[in-house]
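What Swiss-Prot records for this protein:
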ACT_SITE  His116  active site, charge relay system
ACT_SITE  Asp146  active site, charge relay system
ACT_SITE  Ser219  active site, charge relay system
BINDING   Gly217, Asn218, Ser219, Leu274, Gly275, Val276, Met277, Ile278  substrate binding site
DOMAIN    263-354  domain 'PDZ 1'
DOMAIN    360-462  domain 'PDZ 2'
SIGNAL    1-26  signal peptide
Amino acid sequence: MTRMTRHLALWMLLSLAILASQSAMAQKLPDFTSLVEEAAPAVVNISTSRTVETRNMPFGQFGGQELPEIFKHFFGERFGDQMPMPPGAQGHSEERRSLGSGFIISEDGYIMTNAHVVEGADEILVSLNDGRELKAELVGADTKTDVAVLKVDADNLPTLTLGDSEDLKVGQWVAAIGSPFGLDHSVTSGIISAINRTLPRDVYVPFIQTDVAINPGNSGGPLFNLDGEVIGINSQIFTRSGGYMGLSFAIPIDVAMDVADQLRNDGSVSRGWLGVMIQPVSRELADSFGMDKPQGALIADLDPDGPAARDGLKAGDVVLEVDGQTVDSSSALPRLIGRVSPGNDVELKVLRNGEHRNVTVTVGDWPDSQKGAGGSAGDTAPARLGLAVRPLEEGQHDQAIDNGVRVVEVDPTGVAAKAGIRAGDILVSIGEHAVESPEQLSELIGELPEDRAVPVRLYRSGHSYYVALRLAQK
């Protein structure tokens with residue numbers, strides 16, 4: 001065989017290998033065409049409108065005009081709204097519109113989406129795949145899981161098949177259909193990057209992390225597996241630019257349907273509650289407790305009238321398991337307890353003084369269980385802020401303060417947490433009103449305006465602090 005013949009044969013072998021490799025790769029890539037054709041009719045576009053009071057602020061050198069657009073880009077549309085309105089400031093009504101996605105879960109018109117898509121909306125319109133546009137009623141919304149249920153007046157609507165989010169595996173292919181930037185029925189795909197992901201202030205949801213391209217307008221839309229089953233609701237992204245950066249998060253459909261069923265049947269969502277203040281177990285704390293590695297949730301304080309204190313848990317206990325399920329980190333405990341129906345017993349494995357022991361606790365109901373659309377009894381209680389308080393006991397007063405209530409628990413998804421209030425703080429005053437008791441606090445909260453923030457004075461670690469508190473709209 002000549003040298004040229006050998007080179008020709010080698011070139012042909014390499015070409016065949018490359019073609020075979022490309023063919024094998026093409027066979028492995030999924031085809032989403034059938035999935036999209038079957039699922040698209042049940043995916044909807046959601047548009048909302050709400051009227052807000054804006055204000056022309058005397059903002060420094062801008063002489064009473066609105067905040068310039070360049071600053072709105074960096075600080076957000078509501079930056080000016082967070083500031084108290086000074087004397088002479090003028091306001092006006094303005095209609096704001098937003099877009100999102102959703103999907104039909106029943107033939108008689110129930111639709112699932114994100115709570116943040118419809119939050120504060122005066123009007124909700126749903127655009128169907130067949131071109132119809134229908135007004136929707138908000139059946140209920142749960143801000144802790146970011147799930148909302150809508151209802152349109154229609155029959156014989158197409159629906160989607162729901163999958164099982166418990167069977168998900170990292171690396172499997174998934175696809176999303178939604179309306180990014182209003183471009184309805186856009187399809188994107190990717191893989192599951194991680195499961196059971198906990199995000200700050202979203203402790204009740206074990207998120208599905210994907211690399212599917214999700215952008216504003218995709219929120220509330222379905223995430224599918226290759227069988228065309230809905231396994232999640234696309235909810236949020238991690239971004240530094242305002243757009244997709246490869247980190248997208250979806251609410252598992254099992255979690256979403258549990259919430260949706262409660263909203264449809266009961267008008268509210270019940271969650272288990274222990275009445276404890278917890279903190280992470282650091283490596284140093286783990287060493288001090290004689291643990292092999294950091295894990296579990298350390299109980300730092302208890303509500304003396306709560307289920308945990310009543311049934312024998314103590315400050316300093318490290319909760320390691322809930323009914324046999326490992327508590328990998330402190331953020332896992334609220335999620336595990338939250339899925340237990342109030343009134344049911346759970347067996348907790350705890351570490352106390354270097355010894356493991358089991359403690360049975362009858363789970364209570366979270367003080368601020370979310371109510372359905374329109375609100376219900378309890379909306380004006382301290383729970384409306386997402387916190388629980390108790391009176392100051394003897395010895396808890398300080399020379400610097402002579403009134404207030406102690407914050408014993410803060411819901412990480414509530415308005416109090418967003419304002420910077422922590423468990424252990426003493427809430428001294430709201431606006432110009434001193435807080436004397438939990439009962440009086442309830443009255444003050446019931447009188448708070450929803451159109452502006454109010455100053456709240458806190459006492460923490462020997463110092464006074466002020467935070468701006470804005471109520472979530474009912």
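Each residue, glycine too, has its Cβ placed from N, Cα and C.
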Those binding-site residues, out of Leu274, Gly275, Val276, Met277, Ile278, that come within 10 angstroms of Ser219 (active site, charge relay system) at the Cα: none
Site of maximum Cβ density within 10 Å, from recorded positions Asn218, Ser219: Asn218
All-chain count of other Cβ atoms within 10 Å of Met277 (substrate binding site): 21
By Cα-Cα distance, the member of recorded positions His116, Leu274, Val276, Ile278 nearest Asp146 (active site, charge relay system): His116
Separation of alpha carbons, His116 (active site, charge relay system) and Ile278 (substrate binding site) (Å): 27
Rounded Cα separation (Å) that holds between His116 (active site, charge relay system) and Gly217 (substrate binding site): 11
DSSP three-state assignment (helix, strand or coil) for Leu274 (substrate binding site): coil
Whole-number Å value of the largest CA-CA distance among Gly217, Asn218, Ser219, Leu274, Gly275, Val276, Met277, Ile278, listed as substrate-binding: 37
CB contacts for Ile278 (substrate binding site) [other CB atoms within 10 A, all chains]: 22
Cβ neighbour count (within 10 Å, all chains shown) around Gly275 (substrate binding site): 23
Entry from the binding-site residues list Leu274, Val276 having the most other CB atoms no farther than 10 A: Leu274
